[in-house]
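Per TrEMBL, the feature transmembrane segment maps to B:6-25, B:37-61, B:73-95, B:116-139, B:189-212, B:224-247, B:253-272, B:318-339, B:359-388. Per TrEMBL, the feature domain 'ABC transmembrane type-1' maps to B:185-392.
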Amino acid sequence: MNAVLKIILQRLALGVLTLFIVSIVIFLAVNMLPGDFAEAILGQGATPEAVAAIRRDLGLDQPLVVRYWDWLSGVLQGDLGNSFAQANFSAFVGSESGGNAGVAQQIAPRFANTMFLAGVTACIAVPLAVGLGVLAALYRNSAFDKAANVFTLSSISSPEFFLAYVLILFLAVLNPMLPSLSNIYPDMGIAERLQKTLLPALTLTLVVTAHMMRMTRAAIINLLASPYIEMARLKGVKPLRIITHHALPNALAPIINVIALNLAYLITGVVVVEVVFVYPGIGQLFVDSVKIRDIPVVQACCLIFAAAYILLNLLADILSILSNPRLRHKR
Amino acid sequence: MTALLYILAALVILLALGWLARFVGQKATGNKPLFRDMPLAVAFGYVLGAAIVIAGIWYYFQPVTTEQGTPDAGVTFFHWAVHGFILAAIAAFLFRLLGRHVGTAGSKKLFRHMPLTAAFGILVIILYAFTAIFAGVLAPYGQEEVFAQVNALPGGDASVGGNPDHPLGTDQIGRDLMSRLIYGAQNTVGIAFATTLIAFLLGGSLGFLAATIQGWLDQVLSRVVDVLMAIPSLIFALLLMTIASAWAGSQQWLLTVYMVVIIAVIDSTRVFRLARAVGMNIVVMDYIEAAKLRGEGLGYLIFREILPNATAPLLAEFGLRFCFVFLTIAALSFLGVGIQPPLADWGTMVRDLAQFINFAAFSPLTAALPIMAAGAIALLTVAVNFVVDWMLQKSSGLKE
């Protein structure tokens, strides 16, 4: 058990290191902007005094390393800085300068919404994908397997918005069963919330299920070629029992890996889908901020997405170590 | 909720029917192994498949117009889908037949064992390439040409607000949609192709270099690539596009150039990984050792020894990479930060035409416009994936 702990600690340390370096990359990328934030906020008619004032306000007159350290320590304490758009707005209205325009307050509810969407998607997609993958492996090279192959390949390679609009056309416009706009409020009942989330969740399910199902199928078929499966077959064990009792326990590691990887993929897919359905999640906020060049929000969203991506990959790594006895006991 | 109950009831009935069908089959054939050993789930699958096919046929022969005289959009779309599917299958079949009888001995042999999906993929790729190259000749008007009639409905029926001159109608500022759809092939596919080429030149050469020289260069490049790959590519691209849009200022075309560079660099990291891995396997071969002892230079080693042996996996990767790049560019354009107007491009078109989808009940063709632009993207990536899938299966020699 000690060896496992060591491997896991190693992976964890590596993950934290990656996260740290990624934060540096994001910070440096943002600092490649021409001119600086102050000029960007004030526009062309800015007086030098105003620029200097804002620069001091935002701490832009500090050297790069100090600013990075300030930003990082702020992020670690949950302070993601102030949004430009909000700061602009509050200055315009005449309230105290950027007092409560925190990026964190803006992101927190949207982050919860996105997690809800991802959670609903995972609840539908994971059992569906694993079940269909096992079936496809069981009846490989049958008509079902070939049809599933063509279908999954098509749905993987279609852009998310194509699937989204096809679903809108059939499930919202022609047969008005589900709303095509997912406007979600904080004080909404769970049933109504679920109904409004279902269409974006279904779109994501189509993309993710296809991936997961193909990988599950490949993982199981890979195992079915091994000698101990051959032995079970010769013994006269039924095909379904071979899969559930002999193949699945050993295929668990790759399947868990596949699920975690696809949840990581979900993180990227969520951006486009949220924009299509006007779902108030973090992806939509990200795209909106990119368009108006609201740097602190872009920076924060990017960091959150990257962190989620890295953490899920890390989780996949650790779970596959834990679930595979051959990785635990080194020869 | 009631719809769910109906579906559930139908499934239970189908399960019973499946059991019945198996029972009848066992009795009728005198317990042939096919029916004797059939699990209930398989019988259910057969019955379910048959039910879906029968429902499809029944739906296909529903009237195209409702009692009120308006077109029934659901049936119309189903007709288009079925016709499209059948036409595609016939075209792919004929194309494969053509390939089996025309051409060199090698290409004939290639076509003989080709699945229909791969033939379809190759046919679609050829058609797209043709459209992209001859877009200027095929399109009835220029992509930036603005006409007086804005928002003309597709179909060319003047009595309902169409215009025979514009078979697919015009957009919000009066540009011919058909021309823009055709030019979209040139812009979207062309830019994606150029981006993929740059990504391969960059990632491939650096990967081979790392594999041949190794040492600190390999270490540095690999660590940089590791970091860049830790950020999801679409997110990273969006971040960099924010900065690029500040650099480009008001010059829109510059932004498109920046996008090509950004996506090429992000995707070259994936190419680097593969090229390095393939290269590593090749540099340990004896003939590389021999070439080194002969005193050959670095360029000779990479281009004359490693590259020819790495072509097959790189070619398959090129197809997949192209799909990723194409989809990323389409997604960026759809989000409004990709290919910039006035260039016609499919991703932007989907976003601009998206509202038309709500008119499906009145004019199916109008509602199909955004689906057409999005489908044009989907069709190409599906086609490339079909071909790559077949190539990978062929090269790995998998029979099962």
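Yeah, the Cβs are placed from backbone N, Cα and C, and that goes for glycine too.
Counting same-chain residues at least six beyond the ends of the transmembrane segment (B:6-25), those with a Cβ under 8 angstroms from any Cβ of the stretch are 32, 34-35, 38, 40, 43-48, 51.
For the transmembrane segment (B:116-139), same-chain residues at least 6 beyond its ends with a Cβ under 8 Å from one of its own Cβ atoms are 88-89, 91-93, 95-96, 99, 178-179, 182-183, 185-186, 189-190, 379-380, 382-387, 389-390. Below 8 angstroms of C-beta separation, residues 187-189, 191-193, 195-196, 199-200, 233-234, 237-238, 241-242, 245, 256, 259, 263, 267, 270-271, 345-348, 350-351, 377, 380-381, 384-385, 387-388, 391 of the same chain, each at least six residues beyond the ends of the transmembrane segment (B:318-339), sit close to that stretch.
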